Structure formats: structure tokens, C-alpha cells
Amino acid sequence: MFGNRTAIIAASLLAAVALPTTTLAQSVPGGEGSGEAARGSLEAPDFKSRSLVDLTPKVTDEASRDFSMPTEEELQKGFSTRSRSRDGEVTPPSDELKKIIEEIVRGTAAEAVEKPGLTEEPPLDEASRQVIGDDDRVQVTQTRQYPFNVIGQIWSKTNDGKWGICTGTLVGKRAVLTAAHCLYNHDAGGWLADYEFYPGLNGQDDAPYGKFGFVDAYILEGYISNYQGVYGSVVPWDLGILILDKPAGDQVGWLGYATYDPPYPFTANVVGYPGDKPTSTMWRTSCPVDPATATQNNFTYLCDTYPGSSGSAVYEYHGDTKARYVVGVNIAETETFNIALRLNGPYFQWVRGIAQE
């Protein structure tokens, strides 16, 4: 996602102090859909003819910057919703989210509930996977199979006609969870011009569910108003949602999402479209997450990712119930580890408020 710099983590840690998570455990279940043919446009574009641009935020040395703790009023502003609309509408946080923010500031969040037992995603049949060298990523070719069919590639068009690529995951009938920097670029005038979503895309010539357009795009207000010229100032706000023009989730399903606190050891599953692999091919990886690496709003892991994996859901697989819950979004990488935004209490409420509309 960006260069080999670890200074961004220091900046993120400073910003993270402002966003302590609630300790309530909450979840929204996923579903596999009807299995019928999806309703996306079957008119596949010529991906090869598109001029690509890297949407990765530019990173500078941010370790010495002072990101002071925001007030309750500033937190509420940060968790307001900015949508891609002609009037630049800003929606204030819900009363429920305001209450969570108030509890955060006053330190009165509730106690945690018991964590579930978690395992990594079960392996696919050997015939359907390919491992290259020492790379721990595994190619997914059965992209019509749940949960891989709810994960897709996002093509974001810039205002000068170029395209950037990211990964998104359905978390509702129309809602695609991703990173804010896949939808909004501080260095290119703000909102990007257009977005396309291809669930289960399996290479440039196999879009099994076609193309879905968008009707709305949402990011946190904090990603815009807290920007101080460097990405580290908005790391805690790098979360976005696309609302599709058709309910793809009715047919292919969607993943559940959850928040649990305090952090505990689990296996992260990351599925996406890394740019160092053949174009538009899907790859997955699993790796352990050490709770000692977690801040209030981020955690780190050693799963291999690459530009194009921005916005990938980081999910837990519950081996006892076969359920999968998104607990974070892959947003950044360094030379030694990768970073996810945690779906702590405020983020969870923000996602739920949009995804279930």
C-alpha cells in the first residue's frame, strides 16, 4: 500500500489514543444468499486497456508529529458521515454512536463478554490453489464459492480518466466495506469520479457476477477534516463503504462483522486482489494476530499483502459454527508488518448504521 516506512505506525499510535474501543461485544451475522445469478451488468470492460494509477496515500516522516487527543465534540465530528453527493452532505453520528463516544471519553464502557473459539479458513482442495515460492498467499480460483464470491475488486476512476484498484467485501445486500483511500484521494481533489465493483472476479476475462455500479459512497468525516498533509493524521479514519446500484448480496450473500474487546489471539484471514499477482486474480492468506500488537483502533499482522489489497476485510473464521466475522480492514503495510483498522465499537456502529439501511 505504501513504501517501506514504519514511521507511520508511531503516528497512528498517537492518533489511536483518542479512540479507545468500547468493551461491548457485538456482531451482525453474514449469509450465503440465494445462489441465483447475480444482477450485475454482464457487459465486461476491457481491463487491459485501462491506464492504472496507484491510489496509495503518500507517506512522509510522521513520527514526530503531535496528534493531540481530540475532545468529545471532535470525536463526534470525526464519526460523522461524509457521502459522495453533489451537495457534499454530512450526516451527524446517531444517538447510539454519540452515547458510545461519551462513554469512551468518560471511561464508563461496559465489560467484555467471553470471546469465541476461532480458527483459520479451512484449506481449499489442492487442485484449486497455487503457491509460488516462499510466498504464503494462495490463489483462489473457486471464486463462485462462498465466502469468496462476496469479495470483489473495486475499480475507482480518477478525475483524469485513470483507474485505481482496491478490494471490497459485501457486508450487506448492497454495502461493500473497503478503505476510505480507495474512494477519496487527498492529493487528487477529493472524491474519485466513479466506482465499479466486481464480486468474485477471477482474472480479467472472468467476471462471474458482472459489474455493479454505485449509488452512494461513504467515508468518515475525520478522514477529511483531520487531514494534516500526511496519511498518519487520518489512519484512524481510513474506512469506507460503497452502496451498490443492485442488491448483489441477495444472490451471493455477505460476510458478518463484529467487535470484540479486549484484543485476544486469533487467526486473521485476508482475501484480496494484490497488484503483484496476475491482474484481477484473487489470493488469500492466514496468519496469527498477537494482541500485544493491537492499539485501540488498529492491529498488525504478518499476512502478505500488496497494493491492490487495500480495503480487504480481515475476518475471523469460527470453526465450531462455520461463521465468519469481519473484525478489521486492511489499510496499510510496512517493510515488516501490515496494518488493519479494527472494527471497535464506534466503527462497528458506523458500519451497521449504513450497511443495514
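Using N, Cα and C of the backbone, Cβ positions are placed for all residues, glycine too.
Note: TrEMBL annotation is automatic and uncurated.
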Item to check | Listed range which TrEMBL flags as region 'Disordered', given the options 113-135, 274-296 | outcome: 113-135
Next on the checklist: Need one number: mean pLDDT over the domain 'Peptidase S1' (144-332).
Outcome noted: 90
